[in-house]
Amino acid sequence: MESLCGLTLGADPEGFWDILEERRRSSDLSHALRTFNPQHYCRITTSSSSTINRTVLKSQYLRYITQEIAEETGEPVELVREEAAGILEEMAQNLQLGFIRLLAFSLSKTFKRLFSSIRVNEEGLSRLQAAIKDHPVILMPTHRSYVDFLVVSYILFTYDLPIPVIAAGIPLMGMKLIGEIFRRSGAFFIRRTIGSDKLYWAVLSEYVKTLVRTGFAPLEFYVEGLRSRTLKSLSPKLGMMYMILEPFIKGEVFDISLVPISISYDRVLEESLLTHELLGVPKPKETTMGLLKARKVLEENFGNMHVYFGVPVSVRDLANGKVNRSQYNLVPRDLPLKPSEDVRVFVGDVAQRVVRLQEQGMVLSPWSLMALVLIQYPEGLDWDLLTQKTLWLKGLALCYGARLDWPEQVSNLEMMSSHLALHHTVARCEKGRVLLVEEDGLHGAEPVSEEEGVLRRAAVVLICASYRNQALHVFVRPAMAAVAMTTASSVRKLDVFSQFRFLLDVFANEFIFIRNNAEQDFDQACALLQRSGAVCADEHSLNVTEEGQTTLHFLQTMLEPFIQTYKMVFRFLCESNAQVFTERNFTPAVRSFAVKLILSGELQCYECLSSDTQKNAISALLNIGAVTKSRVSEQTEFSVNKAAVMRIADTLDGHTPSLMISHSRL
Amino acid sequence: MASDSDSTKRQRSAEQRLRIIAGHLQKPDTDGHTGIAAQGCKAETAQPKSVKANTLPQRRQEVLKWNGWGYSDSRFLLNKKGQAEFTGKRYPLSGMILPSLKNWFEGTFGASEQHRSPAVPVLNASAVPVPNLNQAFMEELKALGVTLSQEPDDRVFRSHGHCLHEIFALREGRIGKVPDLVVWPSCHDDVVKIVELACKHDVCLIPFGGGTSVSGALECPPEETRSIVSLDTSQMNRILWIDEKNLMAHVECGIIGQDLEKQLNERGYCVGHEPDSMEFSSLGGWVATRASGIKKNGYGNIEDLVVHIRMVSPRGVIEKGCQGPRMSTGPDIHHFILGSEGTLGVVTEVTIKIRPIPEYQKYGSIVFPTFQQGVACLREVARQRCAPASIRLVDNDQFQFGHALKPQVSSIFTSFLERLKKFYITKFKGFDPQHLCVATLLFEGDREKVLQHEKQVYDIAATFGGLPGGEDNGHRGYMLTFVIAYLRDLGMDYFVIGESFETSVPWDRVLDLCRNVKERILKECNAKGVQFPPFSTCRVTQTYDTGACVYFYFAFNYRGLSDPVHVYEQVERAAREEILANGGSLSHHHGVGKIRKQWMKETISDVGVGMLKSVKEYIDPNNIFGNRNLL
C-alpha cells in the first residue's frame with residue numbers, strides 16, 4: 001500500500017545505499033575485474049546465446065509462420081527462413097562478461113563525474129536475488145534517460161547478480177562500435193516501427209519467449225515503450241508485455257516475476273533535448289558523434305540518482321481467476337493465434353499495475369516540489385513565498401505517501417538553494433525573486449519573431465513542467481477529485497464520483513489508472529483529501545473544510561495545464577473546417593493554432609504547446625469514440641465527431657451530466 | 001511326437017512364466033495348484049472351496065489389512081535397532097533390512113522416530129452403524145441361498161477404497177457410512193436374481209471387486225437412505241473356458257489379477273494386463289474403471305483386451321451377440337460399460353484376449369543426465385513405435401527414493417560393483433546425481449527379437465545421452481511398484497501422509513506439466529501452512545503415439561496441522577487444477593469416482609455429461625446402482 005503517511009527517507013530508512021561511495025574510495029579497475037559468480041535461475045536450460053538463437057530458428061512457431069508467409073507471398077520457404085535468420089542476427093544479443101567488465105569500468109568513471117550519488121535500495125536487491133533463483137525474472141525499469149539503459153546492468157554486476165539482456169531500440173545499434181558494445185553487454189535490438197511486418201514480429205516474439213522459457217538471464221525492458229519526454233509515466237505498450245507473459249499463460253514456465261524498477265533523477269541529462277522534442281523539433285539521431293558531442297554534458301552535475309528495486313510481482317498470482325490457461329488445450333501451443341479477449345485484458349492490466357508500482361517506487365527530489373509551485377507562478381515569485389509553499393507541499397506530499405529525498409540533517413533552506421543551483425539552467429534567483437530562465441535562441445539573445453519568442457518561453461516552461469510531472473502521480477487522484485468537486489452538480493459523493501469517473505476516462509492516457517478500478521481510485525482520493533484535512537466526508541457527501549480551500553485550490557491548479565491543453569485541442573477540432581485530419585498534419589496544425597491563441601492573449605498556458613499532451617488528448621477521444629481512426633493509402637486519418645467532442649468539452653466544464661459520456665464509452 | 005514336444009515346450013514356458021511373475025511379484029509359490037475346468041455354476045458351488053486356486057479368502061480381512069494396504073503380514077517398520085525392514089515372506093524385499101530407508105525418510109520428510117502417529121490396532125465393532133435392512137428383500141434374498149454377511153468387519157472392509165481420507169479415518173478408528181449387508185453371488189445367474197430383487201425392493205447395490213479404488217468410488221453416499229448392499233464379486237472367480245484356437249478366455253469378473261495370470265500360465269497363456277494393483281484388483285473392476293497395466297505396449301489397455309462383456313443391469317443383461325474382433329454396429333456398447341464405475345450394473349463375465357507366454361523376458365534400465373533428456377528419448381521411442389512391453393521414466397527424486405529401498409547387500413563384491421557403477425556414471429560420465437534420472441524397461445518376446453529390440457532402444461537412448469544402467473535397476477524398479485503402496489502405511493505411522501495421482505497429456509506438454517504440478521504442490525503447501533517441505537515426484541509410465549501417462553507421488557509431514565487430510569485434499573485439488581490447465585486429462589486410469597466428479601463437465605462437455613446421464617436414466621431409472629460415481 002502507498003499509505004505511508006509521514007514516511008521520510010532522510011536518513012535512508014528505506015535502506016538506500018550509495019554505490020558510488022565505494023567507487024570513490026577504491027579502484028575502478030579491481031571493481032571491473034572482481035570475481036563475478038552470480039546465482040542463476042534454478043531451471044536455466046542454457047547459458048549460451050548461440051543456443052538461444054538456434055532454438056529460436058528451429059522453433060515450431062517460426063516454422064508455422066515461415067510456411068504461412070511462403071504461401072502468402074509465393075516465395076520459397078527456404079528464402080523466408082533465411083530472411084528470418086537475418087532478422088534474428090540483427091536482433092540478437094551476445095552477452096559477454098568481458099564487455100560487462102569494460103562497461104563497468106567506464107561507467108564507474110562516467111557516473112562518478114555525472115552524479116553525486118547513485119542510491120540503491122539493497123533490500124530490493126536481496127529480494128531480486130531470491131526471485132532470480134526461483135522463476136524467470138523480468139526487470140521493468142522506468143525510462144526517463146539514456147542513462148537508464150545500462151545503470152541496471154551496472155548495479156547487478158556490482159551486486160553479483162546475473163547480467164540482464166535488454167530490449168533496446170534499433171537506433172542505438174546504428175551507432176558504430178557502441179552498438180556492438182551494447183550488444184555484447186546484453187542488448188538486443190528492436191526496430192521502432194514493426195507495423196505489419198509479420199515475419200519480424202514473429203522472430204522478435206519467439207526470441208523474447210525463448211529468453212523467458214530458458215531463463216537465460218533476467219530480461220529487462222521498458223514497458224512504457226519510449227523514454228518519457230515529459231518525465232511522467234507513459235501508458236504502457238503491450239506488444240512486448242504479451243510476448244513475455246505468453247510462456248506463463250501457455251504453461252511453459254510455472255511463474256514469472258516482474259520486478260518494477262523506479263529510476264529517479266534529480267536532474268535528467270537530456271533535459272534540453274526533451275523539450276525540443278516536445279515542441280515538435282525533431283529528435284537528433286542517436287549517433288556516436290552525437291554522444292561524443294554530448295561530452296560537454298559530462299562537465300555538469302546531475303545530482304543524485306535513486307534506483308528503487310520494487311517487490312517482485314508474481315504473474316501467476318495476478319492471473320489467478322483472470323486468465324483461463326486451459327484455452328490452449330485443444331490447439332498446438334506453437335500455432336500463431338491472436339490472443340483471446342481475457343488474455344488481452346490481462347496483459348493490459350499487468351502492464352498498468354507495474355507502471356503504478358514504478359510510480360510508487362519513485363523518489364521525489366525537493367526540486368520536483370519546487371517546480372510544482374514555480375509552474376503555478378509563470379511570472380516568478382519571491383523566494384520566501386517559494387520556500388513557504390514548498391515546505392507546505394512537502395508536508396502534503398508526505399501525507400500522501402510520497403517517497404521524498406529530503407534528509408533531516410540538512411536545513412530546508414540549504415536543501416532548496418542547492419537544488420535551485422543544480423537547476424540553474426531552468427530557474428534562478430534574482431534579487432529575492434525566483435524566475436524561469438529562457439534559453440538563448442539560435443540567433444543570439446533577441447527573439448527573431450513573436451512565434452519564436454513563444455516557443456522559447458514554452459521550452460523553459462515545459463522543462464519546469466517535466467520536473468513537476470515527476471511528482472504528479474502522488475497528487476493526481478486527490479487532484480482529480482478536487483477538480484471533480486468543482487464541476488460536479490452537488491457535494492453528493494455520487495455526483496462527484498460520476499464527474500471523477502468522467503475525468504478518469506478523459507485523462508486515461510495522461511495518467512496511469514488501472515482499468516475498472518475507478519471506485520478504488522475514488523475512495524483513495526477521498527481518503528487522502530480527508531487525511532490532509534481538505535474535506536470532511538461522511539457516507540454520502542464531500543464537504544470542503546475551512547482550511548481545505550487552499551489545498552483544493554492548489555490541487556485543482558495542478559491539473560489546470562492539462563485541462564487547458566485538452567480544451568484547446570477540443571476547440572481546435574471543433575473550430576476547424578475540416579472533419580478529417582491526417583495523423584501527420586495534426587501536430588503542426590494544432591501547434592500553430594495554440595501559438596495563435598497565445599499570441600492573441602486568449603490562452604496563457606504555454607504547456608498547451610506540449611505535443612505529447614496534445615496527442616494524449618486525441619487518444620482519449622479515440623478511446624471514448626468521439627474520434628475514429630482509419631488508414632487511407634499509407635496514412636492514418638482521424639475523423640472527428642464534432643458534436644461528441646463538444647459534449648465532452650462541456651462536461652469538462654461541468655455543464656452536462658457526465659454519466660452520458662461515461663456510458664457512451666461502453 | 002510333434003504335439004508331445006509342443007506340450008513340453010508349452011509346459012516349460014509356463015513354468016518360466018510362473019517364475020517371472022514370482023520374480024517381480026512374490027516369492028515362488030510351492031503350493032500345488034489344481035487345474036481349472038469349465039464348469040457350470042451349480043456344479044461349482046457344490047464343490048469344496050479348497051479346490052480353487054484362490055489367493056484370497058472370502059473373508060479378506062483374514063489376510064489383508066483392514067486399515068492399510070495389502071497383506072497383513074507385509075509391512076514396513078522401524079525395528080528395535082532403528083533400522084527399516086519389510087516384514088513377511090511374500091516379496092523379494094520381505095524379511096530384508098533396508099539400511100538407507102530411515103535416513104531417506106527422515107531427511108525427506110523431516111519425520112523422526114520420536115514422533116509417532118500410530119493407528120488404532122483393531123476395528124471397534126461397536127463403532128459400526130447398525131445395519132439398515134430391508135426385511136422383504138432379506139427374506140427373498142435368503143431364499144436364493146447366496147452367501148450373506150451382516151458382520152461389522154465384513155461391511156467395513158467393503159466400505160472404502162484406498163484414498164488417503166478413507167485410510168486416515170480408519171486408522172483413527174472413525175467409521176463412516178458402511179454397507180448394510182454384503183452378498184457373495186457365485187455366478188452370473190445369482191447376480192441376475194440379486195439385481196432383480198434389489199429392483200423389486202428398491203435396495204441400493206454397490207458392486208465390489210478388489211477394493212483397490214483410489215477415487216472414493218466405494219464410499220456409500222451419505223445422502224442414501226435405502227438399504228445399501230455391497231455386491232462382492234470375489235467368489236465369481238473361475239476361468240470358464242479357454243479358446244486356444246482364437247486365443248480368448250471367458251472369465252468371471254471377480255477373479256483377481258494374480259490368480260488370472262497364475263491360472264492361465266499353467267495352461268501356457270497370459271493376459272498381460274498388469275496394473276500396479278494386480279495382486280488384489282479384479283477383472284470386473286478393471287473393466288469398470290478403464291484400467292491400464294504396465295505392459296500396455298505389449299498387450300494393450302483393458303479396452304483393447306476385452307472381446308466380450310456381460311453385464312447385469314436393472315434393465316436386464318447387456319452383451320453383444322458374437323465375438324467378432326471388431327464391429328461397425330453403431331457406437332460400441334462396451335464403451336458404455338468400460339469406465340462406468342458401477343453406476344450401470346455389474347460386469348459378471350468377460351471374454352478376454354490371451355497370448356502364449358513369451359519365451360523370453362528381459363529387464364533393463366537407462367540412466368539419463370536429466371529428466372528432460374529422458375522424456376525426449378521416450379518421445380522418440382514412441383515416434384518410432386518401438387516401445388518395449390514396458391518403458392517408464394522416473395525423475396531424480398524417485399530415483400533417489402528407489403535407492404533408499406535397496407536392501408542390505410550380502411556380498412562385498414556386489415557393493416563394490418555398485419560403487420564402481422556409480423563412480424562411472426557420476427564421475428566418469430559427469431552425470432549430476434541431483435539431476436540424473438532412470439528409465440526402466442521390460443522386453444518380452446522370443447530371445448532373438450528381444451535382443452534386437454533392446455539394441456534398438458539403447459541406440460535411441462544413446463542419442464539422448466542415455467547410458468545402460470543394468471538389468472538389476474530395471475528389475476528393482478518394477479518390484480518397487482508393488483511394495484511402494486505399503487510405504488504409505490509406514491509414513492502414516494510417523495505423521496507423513498501422501499497419495500498418488502495420475503494424468504495423460506500430449507508429448508509436448510509432458511515436461512511443462514511435470515514441472516508446473518510439482519511447483520504448484522510446493523506453493524500450495526506453503527500457502528496452507530505445511531511446516532515441512534513436501535515430497536513430490538513423478539514418472540512417465542506409459543507412452544502413446546501422441547502423448548504419455550504421468551504418475552505423481554505426493555506426500556508431506558503433517559505435524560503442526562490441525563486438519564491434515566483437508567490440507568492434503570486442497571493441495572491435491574490444486575494440483576489437479578494445474579494438470580487441467582496444462583492440458584492434462586482428469587485421469588488416465590484411476591477413474592473419476594467421487595473425488596474427481598467436479599471436473600467432469602469441463603472434461604467431457606455439458607452434452608457429454610447429458611449423454612451419460614441419459615444412458616443411466618434408461619438403464620437404471622431408480623438408481624439401484626446408487627454409488628453416485630462419475631456424474
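Backbone N, Cα and C atoms are what each Cβ position is placed from, and that goes for glycine too.
Residues or ranges marked as domain 'FAD-binding PCMH-type' by TrEMBL: B:175-357.
Within the same chain, the residues at least 6 positions away from B:Ser213 (FAD binding site) whose Cβ sits under 8 Å from its Cβ are B:Gly161, B:His162, B:Cys163, B:Gly285, B:Thr289, B:Gly591, B:Gly593, listed in sequence order. Look at B:Ser213 (FAD binding site): DSSP puts it in coil. Among the features that TrEMBL reports, FAD binding site is placed at B:207-213, B:289-292, B:341-347.
Per TrEMBL, site 'Important for enzyme activity' is recorded for B:Arg392. In sequence order, B:Ile294, B:Ala439, B:Thr440, B:Gly477, B:Arg539, B:Val540, B:Thr541, B:Gln542 constitute the residues six or more apart from B:Arg392 (site 'Important for enzyme activity') in its chain with CB-CB distances below 8 Å. Annotation note: B:Arg392 (site 'Important for enzyme activity') sits in a strand segment as assigned by DSSP.
Feature annotation from TrEMBL assigns substrate binding site to B:Arg488. A helical conformation is recorded for B:Arg488 (substrate binding site) in the three-state DSSP classification.
Listed in sequence order, B:Ser500, B:Phe501, B:Glu502, B:Cys538, B:Arg539, B:Val540, B:Thr541 are the same-chain residues six or more apart from B:Tyr551 (active site, proton donor/acceptor) with CB atoms under 8 A from its CB. As annotated by TrEMBL, active site, proton donor/acceptor applies to B:Tyr551.
Classification of B:Gly342 (FAD binding site) by DSSP places it in coil, neither helical nor stranded. Comparing B:Gly345 (FAD binding site) with B:Arg488 (substrate binding site), their Cα atoms are 32 Å apart once rounded. B:Pro207 (FAD binding site) sits 26 Å from B:Arg488 (substrate binding site), counting Cα to Cα. For the pair B:Gly342 (FAD binding site) and B:Arg488 (substrate binding site), the C-alpha distance works out to 27 angstrom. For the domain 'FAD-binding PCMH-type' (B:175-357), the mean pLDDT of the prediction comes to 97.
Cβ neighbour count for B:Gly342 (FAD binding site): 27 (other Cβ atoms within 10 Å of its Cβ, all protein chains included). Geometry remark: B:Arg488 (substrate binding site) versus B:Gly210 (FAD binding site), CA distance 19 Å. Of all Cβ atoms in the shown protein chains, 26 besides its own fall within 10 Å of the Cβ of B:Gly345 (FAD binding site).
Annotation note: B:Ala291 (FAD binding site) sits in a coil segment as assigned by DSSP.
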